[in-house]
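Participant: Per TrEMBL, the features are:
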ACT_SITE  His437  active site, proton acceptor
BINDING   Lys52, Asp304  FAD binding site
BINDING   Gly176, Gly177, Gly178, Phe179, Val180, Ala181, Cys182, Glu183, Gly263  NAD(+) binding site
DISULFID  Cys43-Cys48  disulfide bond
DOMAIN    5-319  domain 'FAD/NAD(P)-binding'
DOMAIN    340-447  domain 'Pyridine nucleotide-disulphide oxidoreductase dimerisation'
Amino acid sequence: MSFDYDLFVIGGGSGGVRAARIAAGEHGARVGLAEESRMGGTCVIRGCVPKKLMIFASQAGLMTQEMRGYGWCDAQAGTFDWTVFREKLDAELLRLEVIYRAGLTRAGVEIHDQRATLDGHHQVRLADGTTRTARHILIATGGRPAPIGIPGEELAMISDDLFLMDRLPGRILLVGGGFVACEFATILAGLGVDTVQAYRGDAVLRGFDREARDLATLQLSTVGVDLRLGLTPAALERDGDGIRVRFDDGTDERFDAVLMATGRDPYTRGLGLETTEVRTKRNGAIEVDEWSQTCVPSIFAVGDVTDRVNLTPVAIREGHAFADTVFGARPRTVDHSIVASAVYLRPHEVASVGLTEEEAHARGAVDVYATTFRPMRTMFAGSDAKVMMKLLVDPADDRVLGCHIFGPEAGEMIQLAAIPIGMGATKAQFDATIAVHPTAAEELVTMRHPTRRLAAVTG
Ligand SMILES: Cc1cc2nc3c(=O)[nH]c(=O)nc-3n(C[C@H](O)[C@H](O)[C@H](O)COP(=O)(O)OP(=O)(O)OC[C@H]3O[C@@H](n4cnc5c(N)ncnc54)[C@H](O)[C@@H]3O)c2cc1C
Ligand SMILES: NC(=O)c1ccc[n+]([C@@H]2O[C@H](COP(=O)([O-])OP(=O)(O)OC[C@H]3O[C@@H](n4cnc5c(N)ncnc54)[C@H](O)[C@@H]3O)[C@@H](O)[C@H]2O)c1
């Protein structure tokens, strides 16, 4: 049977673009790709990239405060102009979008700027009513914010909307205690917005190491976020040009805007899955094996739509491995067991790789090497902000099982720590490394004695 394409990719985000580019450009496959929105997907257009630029923009207050501590007595942040920033942001995202598009075209990928849905195991239907056949189909449609089902929720913003605001709200409520809520609480407070964050739990960033979570929770309050723990909204209703929020404790308050940051679901609704035998999980995630292959041999899926580890570099790696395996005769799987990540709070980030202390202890005995200290730079300026570094070591074979950092540029540090940890380095090998002085990161190679030894939990 002859097909229009060797591969048709649905979704031009991190995973889809990489897979298409490698399959066409490096392995000579005939590739078509459909994108219903802007090329680049969540990360480039409404995620990692604009978010990180907003983080940089939000630091002026903290930086000038620190500089006053160094003798720049009259240092002031001045006035932030959202319109100026937004214009620059829009131009930068457009620049990146053009680069993504050019990369695909150069590789020989045929781009369809429209929605595509599945129409059987070898065919897609485009929004213009036409169909295309393909030997293989890759689903790379990403995720979408998950509503929590409270009345009036549609009045709230989702993270996509934050990058399109005409002006900053005077007072905002952020709902959630995960990546998005915490990063945007830091950003908006830093930009001068009166920021309230409501989180139903007792410490933000569930899933991270508990000590790092406690420090992050404390830091949010010290950078001006009004963090309300054990609280969640029950209903939203319009109140003039603002929103009145009724909370689950019976209180109510008015905000200019509300952001729901309560997680994301794989985006498979309306994708035509019913025309195939592809299986999904309860949250809509596409079920795949270690080769990113569904139970239908011609259909694969990568990235957030599979809900494995929902981060850009993982989607990219999955897309690349898929293209090498299917079109390059270079079979490769992706190891999801050790993936480093960072939450871009300010002034200190949370960064992590490997097991948390709680996970390591649940697995058996563990030696915990941990240090908490006030770093030179901010302490001199009069700040009490603390850095935390932690290594978790298996006493049986001295292997480092996990590393957790709460500190300035922790994301940059964890990227490097992830290399030896991924290679199975021992604590003795960390200790053999001579420190770079004076840095904060040198603590990772100078913690000589365990802070605590946790015995295996029996029974
Ligand atoms: C606010 C925010 C900040 C983030 N920050 C970070 C970060 O700092 N670091 C990090 O690693 N990760 C971050 N992430 C997560 C990261 O963006 C995702 O893990 C990553 O984009 C997933 O890539 P993907 O290819 O699976 O999907 P996406 O990038 O979401 O791409 C899917 C694409 O498919 C398109 N599409 C969907 N359905 C169809 C269809 N039927 N037809 C045609 N096109 C379709 C969509 O328009 C979209 O462009 C962040 C996410 C958010 C929301
Ligand atoms: N720096 C980064 O790498 C980065 C940044 C942003 C987003 N991301 C990715 O995007 C994903 C989505 O981020 P997110 O913050 O939306 O999700 P998340 O899963 O990190 O956090 C969701 C939050 O919403 C809360 N929540 C869930 N259901 C709720 C309910 N019914 N009522 C009240 N609260 C509820 C959860 O307790 C949690 O605190 C992340 O999991 C991550 O994979 C990564």
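Even glycines carry a Cβ here, placed using N, Cα and C.
TrEMBL: automatically predicted annotations, no manual curation.
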Participant: Limited to the domain 'FAD/NAD(P)-binding' (5-319), I'd like the whole-number average of pLDDT.
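Facilitator: Averaged over the domain 'FAD/NAD(P)-binding' (5-319), the predicted model reaches a pLDDT of 98.
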Participant: Quick check for the class: what is the C-alpha distance, in angstrom and rounded, between Gly178 (NAD(+) binding site) and Asp304 (FAD binding site)?
Facilitator: 16
Participant: Would you kindly give the Cα-Cα distance separating Cys48 (disulfide bond) and Gly176 (NAD(+) binding site), rounded to the nearest Å?
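Facilitator: Distance between the two Cα atoms comes out at 18 Å.
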Participant: What are the DSSP helix/strand/coil residue counts across the domain 'Pyridine nucleotide-disulphide oxidoreductase dimerisation' (340-447)?
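Facilitator: The domain 'Pyridine nucleotide-disulphide oxidoreductase dimerisation' (340-447) comes out at 36 helix, 34 strand, 38 coil.
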Participant: Near Lys52 (FAD binding site), meaning Cα within 10 Å, which of Val180, Cys182, Gly263, His437 (recorded positions)?
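Facilitator: Close recorded positions: none.
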Participant: Out of Cys43, Cys48, Val180, Gly263, Asp304, His437, which recorded positions have CB atoms lying under 6 Å from ligand 2?
Facilitator: Val180, Gly263
Participant: Of the recorded positions Cys182, Gly263, Asp304, His437, which one sits closest to Cys43 (disulfide bond) when you measure Cα to Cα?
Facilitator: Asp304
Participant: If you draw a 10 Å sphere on the Cβ of Gly176 (NAD(+) binding site), how many other Cβ atoms land inside?
Facilitator: 23
Participant: Taking the Cβ of His437 (active site, proton acceptor) as the centre, how many other Cβ atoms fall within a 10 Å radius?
Facilitator: 7
Participant: Mind running the recorded positions Cys48, Val180, Gly263, Asp304 against ligand 1 and keeping the ones whose CB falls under 6 Å of it?
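Facilitator: Cys48, Val180, Asp304, in sequence order.
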Participant: Around the C-beta of Cys48 (disulfide bond), how many further C-beta atoms are within 10 angstroms, looking at every protein chain?
Facilitator: 16
Participant: Work through the recorded positions one by one (Cys48, Asp304, His437) and name whichever has its CA nearest to the CA of Val180 (NAD(+) binding site).
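Facilitator: Looking at Cα distances from Val180 (NAD(+) binding site), the smallest one goes to Cys48.
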Participant: Quick check: of the recorded positions listed here (Cys48, Asp304, His437), which one has the Cα closest to that of Cys182 (NAD(+) binding site)?
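Facilitator: Result for Cys182 (NAD(+) binding site): the nearest of the recorded positions is Cys48.
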Participant: Return only the integer: C-alpha distance in Å from Asp304 (FAD binding site) to Gly263 (NAD(+) binding site).
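Facilitator: A Cα-Cα distance of 12 Å.
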